[in-house]
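In what follows, a single structure is set out as structure tokens and then discussed.
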Amino acid sequence: MQSWSPLNSNKYQWLEIKLEQRTEITAIATQGRYGSSDWLTRYLLMFSDTGHNWRPYRQEDSIGAFSGNSNADSVVMYKLQQPVIAQYIRILPLHWNPNGRIGLRLEAYGCQYKSDVVSFDGSAHLLFRPDPSVSLADRDVLSMNFKTLLNSGMLVHMEEHSGHSFTLELFRGKLLLQLRKGSNTAGSRGSSADFHPLVSLGSLLDDQHWHHIRVERVRGLVNFTVDKNTQQFQLPESWSHSEINEISFGGTSAAGLQKSHSRRNFHGCLENVLYNDISVIDRRSSRSQTLLVLLQYLCLSQGNVSFTCPESIDVPVTFASPGSFLALPWVSGGESASVSLQFRTWNRAGLLMTFDLQHNAGTLWLYLSEARARLQIHKTGRIMTDITAGASLNDGQWHSLELAVRRGRLAVTLDRTDSSTASTSFPVAPDSQLFLGGKSGSGCRNPFSVFQGCMRLIRTDGALVDLIRVQQMLFGNFSDLQMDMCGIVDRCSPSRCEHGGRCSQSWSTFHCNCSATGYSGATCHSSIYEASCEAYKHKGNTSGFYYIDMDGSGPIKPQLIYCNMSDKAWMVIQHNNTELTKLKASSGINQHLAHFNYSADAEQIQAIITQAEYCEQELSYHCKKSRLLNTPDGAPFSWWVGRSGEAHMYWGGAVPGSQQCACGLQENCVHPEHFCNCDADSKEWLNDSGLLSHKEHLPVRGLAVGDINRSGSEAAYRVGPLQCYGDNNFWNAAYFNKETSYLHFPTFHGELSADISFLFKTSSSSGVFLENLGIKDFIRIELSSPTQVLFSFDVGNGPLEVKVETASALNDERWHHVRAERNVKEASLYVDHHPGAVQKAPADGHIHLQLNSQLFVGTASRQKGFLGCIRSLKLNGKTLDLEERAEITPGVTPGCPGHCSSYGDLCQNHGSCVEDHSGFTCDCSLSPFTGTFCHKDVSAFFKPGTSVTYTFKEPYKLNRNVSAQSSSIYSDLTLRGENVSLSFRTSQAPALLLYVSSYYREFLAVLLNRNGHLDVKYKLQHNRDAEVFRASGRNLANGQLHRVSVQRLGETLNLIETQTQLFLIAESGEVDPEIARLNALGFTGCLSVVQFNSISPLKAALLYPDTSPVIVTGALSESSCGSSLPTNPYAAETTHSLAGNAINTVPLFLHWFSYRVQQSGS
């Protein structure tokens, strides 16, 4: 076999092969030159129908280069993923054996390609009327190929018998499939407002290459395909069964064009046009009745329709790299000069042309800036001329540019309409050379960005530049140009931006704007929201509205939902009528129907219910002479409709299918012979209420209420919000107790986007969390050391690694969160809140991750396995059921206890963490706070006459009837030390804040004096005088919030004053005169989070008054007046030595008024 080896081995060589006819090429094979050291290691494969306007073959839409040979004899074959139709093949060497030369033996594989074509000149169209006897009413298929140099024009217009019409239109290089609503009269035409774009597909389709279209309608479902991309959409019901009456190819009438976007007919060629397998342009089937109809219309059509496809020989050139430029010689033509060209690019900036002026008059620069054309003439550092023209020139469309100089006037014209001019006092003409795209020479400097894009139809002084001669190095000079092709690629069609992210691009990359989408990352793939209220709770969030994304990176949109963080994390989904709705008898109305629209859509609600541990919804019916289910044996008067649209005849509190209410199930109905209270038909008000909790039936979508048309009938109903708690996915865990143990799942499909997230805890120093292998590709996440997590993968470009190093060890038996993502742009890895790591994808590399083995959690390879727990493992938003698989797998145990080590810090204010099977709870019994995390302060507003008295007795024996919650208020008192804290807000001075006393008139008091200063008065021996310690020199009776903490140990008293709270205790009886006077004044203000050692007396009085030793005088109710403030880092602490011993007598009588002041500033 002969081989090819050019005389010079450089990047400007190519091998071109012309086939006998257009051929469908399916594979290509290469060898080196026989018996030599000459072979290609990397090359480009190009195709063409004409020997011009070449098109590179791209693998996976990004890979342009093929890997070649490693020796002269072995054969390397590539089966083309998408066969190519062409008559010309060209091989462009990129790299070859460095110890040899370019050498190649080549074989191409394929088969003959049949082609029937028709061309349109932009003024003609032809009609086709399908035979009604063979038309398929429920299915239509239209397929064809087209090619054109113009970016707009109508390809197909289809009319239906109903008057509806479909239009397939090329507009700005994209295909629009749109419909127009018609009337019931066939052939009638609506207004232009009746046109509705449905789908836009493709881009840059005006490249004079063949593109494939297929439109398939099956009833109301349409598949629209352009080349390799398909979109599917549903037609309105009225369109589902229509029949096509007439098809117009190449355009339509003038009236129809006025209603289109392009307002012009198609100029170009159509090939192999098939409608329901009937060839529309096969002239050889002269016996076909369809052809006779077609020929009849052809004779009547205007314009030129021919059955050949003429080729326009436009030679484009691509400036693809920073070193690209084209230099053309310039011959002076006198006082006038002109340069014109067409260009297309995605870049907002780049040098279009430059040249030095004659007689050293300066340098002219014509460049793109902010997507506008700008011309400047520079001379000795000064800008002599500065004009701009055009706008949005980076849209990928072809734009014409002309620079003209005539008699001292300079003009820049864009797209023949937008022109800017300037006058010059010096001649503007190139000295000797014109540079396009860049500039050569070691001494030159380009002050502007390089141009990356395509140019064509370059003219100097009106003469078209022969770029083929330039390519053959017979004219001009160039570097790093791709001749006779336009290599522009639309990286936003189809868009790789997910979830509504907006795609923008430059020549070499694209960018996704994820703002307002709820997603993040290079392709807007990963959700920024949690999947449940349970997840928010375990981040320390309290009750409020949160966006919930049930499936993470999946298709379900985030939804704003209220999270009620009580002992459980409840998700509350409201609907349009949660209030009690009253009904009265009304003549002519036998039934009341109610429909409920929820704040989340059906898909979101179903995901919430499926994922939740438990769901409920209140359903209540209040009745007066209005029967409900008509029990025991009658037909129900009322029912409710659930999620699937099925009517249910059981009521809240009963079981599905029972036709009962709660009282019937509990056998306590007002009348035992009925299963619902309302079925007694009583003239008195009764009700049947309860909770619906069968998840498969929820939520309540509708309600039908009957028996309201009789005289005297009255009723009222209420359907509460849907409420769910628990997250089965969040706590789904498995414990791996052997390094050789693993769980296996089906192959992970994340070809273009893959995100993996999970939590782990371990004491092991290393181990593989999960892996999935392919023939060459793989993906793996592992703990490579106690302080490093490693994410490694290969998509065909060689193994890549992303590492995150942490300052502290991760094998500490605490939960750690890992998030890994890989997309077409980059790979990223995040561990907890540590700084993440990002690895950019190789430019023009492989992008598809192709895996074929099972996914292993743990490892089945020779890698070191994982020891420990893995929880909440999600792949592309779907949670793997680790517990189900662990049930049947040796060495793996479902579930994983021990959550307080990770989440215990969420319990605030001395609350203690209590382990639960699915998570944890905070025990607030020893804290003056309450709430999910012991974060909610307990406050009350006091007025004169309101007081609370708390009595201690020692030893105190707990009553068996005392609740666990209130038992915390009792404790053994060790009175050699006290720890008292409280918050207050008041404008009253003087005021008593705290008073502790014993039977022996020993006391400790905290008060505000008449100046609002904080004093501590104490008497620790009854036979000694009281002492006063002044702790503050500023006025605290300022209506702001303050916190005071009094700590005594033996003879030392510490007083800490911060900007939060304080507390008052007083005692009736014989007390210090000053204390008695202050006590008699009463107290107006707010008291919050009062604590005496482990006792929370205000909390006991407000929340557990019936089981606590408290006496409340006057009106006392919980208030929000003492909202907690963060701890003040500048709190002042004072230590004082007490002249006395500890208080050692009990009981203590605590009687307090309280208030709170917020201090602005520190």
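In case you wondered, yes, glycine gets a Cβ from its N, Cα and C as well.
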Item to check | Cysteine from C724, C869, C924, C934 that TrEMBL links to C896 by a disulfide bond | outcome: C869
Checklist entry - Counting Cβ pairs under 8 Å that are 6 or more apart in sequence, does the total for the domain 'Laminin G' (315-486) and the domain 'F5/8 type C' (1-111) reach three or more? => result yes
Checklist entry - Counting by DSSP, what is the helix, strand and coil composition of the domain 'EGF-like' (897-935)? => result 7 helix, 11 strand, 21 coil
Item to check | Under 8 Å by Cβ from C896 (disulfide bond), counting only residues of that chain that are 6 or more apart | outcome: A733, A734, Y735, K761, C869, R871
Next on the checklist: Suppose we draw a 10 Å sphere around the Cβ of C869 (disulfide bond). How many other Cβ atoms does it contain, all chains included?
Outcome noted: 22
Next on the checklist: What does the DSSP secondary structure composition of the domain 'F5/8 type C' (1-111) look like, as residue counts for helix, strand and coil?
Outcome noted: 0 helix, 63 strand, 48 coil
Checklist outcome for this item: What DSSP reports for the domain 'Fibrinogen C-terminal' (524-575) is 5 helix, 21 strand, 26 coil
